[in-house]
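Take a look at the structure below.
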Amino acid sequence: MLLSVPLLLGLLGLAAAEPAVYFKEQFLDGDGWTSRWIESKHKSDFGKFVLSSGKFYGDEEKDKGLQTSQDARFYALSASFEPFSNKGQTLVVQFTVKHEQNIDCGGGYVKLFPNSLDQTDMHGDSEYNIMFGPDICGPGTKKVHVIFNYKGKNVLINKDIRCKDDEFTHLYTLIVRPDNTYEVKIDNSQVESGSLEDDWDFLPPKKIKDPDASKPEDWDERAKIDDPTDSKPEDWDKPEHIPDPDAKKPEDWDEEMDGEWEPPVIQNPEYKGEWKPRQIDNPDYKGTWIHPEIDNPEYSPDPSIYAYDNFGVLGLDLWQVKSGTIFDNFLITNDEAYAEEFGNETWGVTKAAEKQMKDKQDEEQRLKEEEEDKKRKEEEEAEDKEDDEDKDEDEEDEEDKEEDEEEDVPGQAKDEL
């Protein structure tokens, strides 16, 4: 069967529009993940990941992911995929993070490595291409890292992107485009965007201060000056403190014993402080001198800042003080729309049910604590009542004893007689 040229071109166009999915991991095959993910042996005490949907979830099976399981540990785990380059195409990196342990200090980011990485020796100093994701440590650090390795140097973003710091699952997306622009999304909503060249210090500045320029000696930057016609009044200078005119030497003051009497000092009501001439507009004021700039001879544009020759490994290389973070729904693709749709079909489908389950657990815990508190108070009241009854019985016994002793006294006296 022969196809018409328009139809053939249409089919080719549809094929070209298909998204390229370089890596996708949802952990839907139970323990099958252990054959795809490799633990680093660089250190013997790396923390262990386990497959779990956590203490609360929207869908117990779909929400299963890699969970950190040991406190105060470094973690190093990675998965490889068919190597690719993002030259000439968009790169989208996406995954979900859930800090259900109410994390105090720890990473929730991923690293993209070239396929030359020795996965069994991956560690914190292993060279990567891109690092992306949330990082939390105390109240001061709650940011989304976006770090690019450019010519062997890790370059951090110049902006502060705040991450989510609650206990729920959140979707993190990094988009890097071939026009050297980028976008960061959290929960499929844009939180930052811009130019790679503007928001990272990849290149020397386009402009520099002219080294041959200097501020003229007669350049006056003072907006105000002292009024040369103003002078200090003759009666201005008064002491700040004066002897108290109302003070009197005590009658029992002995100058031989106490020394010469001096009245206490008080604030002088006529004291005016330091005199300063009034200010007037400076007739010679020229404004703040601005150093002129010239084109930087060291600057050279790089249209390929965004591009990497080789991506081949996604790794979790991080430190956590309190474990419990769950990573899931990893995706690396070249299609922004596909990534957004994938996020909606994973995180988007289960987020509401996850919150409902957490709210229900919190309510059950609240009621349990109220019941325990009520029971504790009742037990304390019962103990107090029992103590009061015992005290009353002791007092009655003491009174009976005293009465018995009083009755015995006359008989005792009679016997003595």
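Cβ coordinates come from backbone N, Cα and C, glycine included.
Listed in Swiss-Prot for this protein:
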type: BINDING; residues: GLN26, LYS62, LYS64, ASP328; note: Ca(2+) binding site
type: BINDING; residues: TYR109, LYS111, TYR128, ASP135, ASP317; note: alpha-D-glucoside binding site
type: COMPBIAS; residues: 207-251; note: compositional bias 'Basic and acidic residues'
type: COMPBIAS; residues: 352-379; note: compositional bias 'Basic and acidic residues'
type: REGION; residues: 191-255; note: region '4 X approximate repeats'
type: REGION; residues: 237-270; note: region 'Interaction with PPIB'
type: MOTIF; residues: 414-417; note: motif 'Prevents secretion from ER'
Where the distance is taken from Cα to Cα, which of the binding-site residues GLN26, LYS62, LYS64, ASP328 turns out closest to ASP135 (alpha-D-glucoside binding site)?
ASP328
Structural state census, the compositional bias 'Basic and acidic residues' (207-251) (DSSP three-state):
0 helix, 10 strand, 35 coil
Tally of DSSP helical, extended and coil residues in the compositional bias 'Basic and acidic residues' (352-379):
28 helix, 0 strand, 0 coil
Out of ASP135, ASP317, ASP328, which of these binding-site residues shows the lowest number of other CB atoms within 10 Å of its CB?
ASP135
DSSP-derived structure type at TYR109 (alpha-D-glucoside binding site), helix or strand or else coil:
coil
Compute the C-alpha separation of ASP317 (alpha-D-glucoside binding site) from ASP328 (Ca(2+) binding site), stating it in Å without decimals.
15
Nearest to TYR109 (alpha-D-glucoside binding site) by Cα distance: which of the binding-site residues GLN26, LYS62, LYS64, ASP328 is it?
ASP328
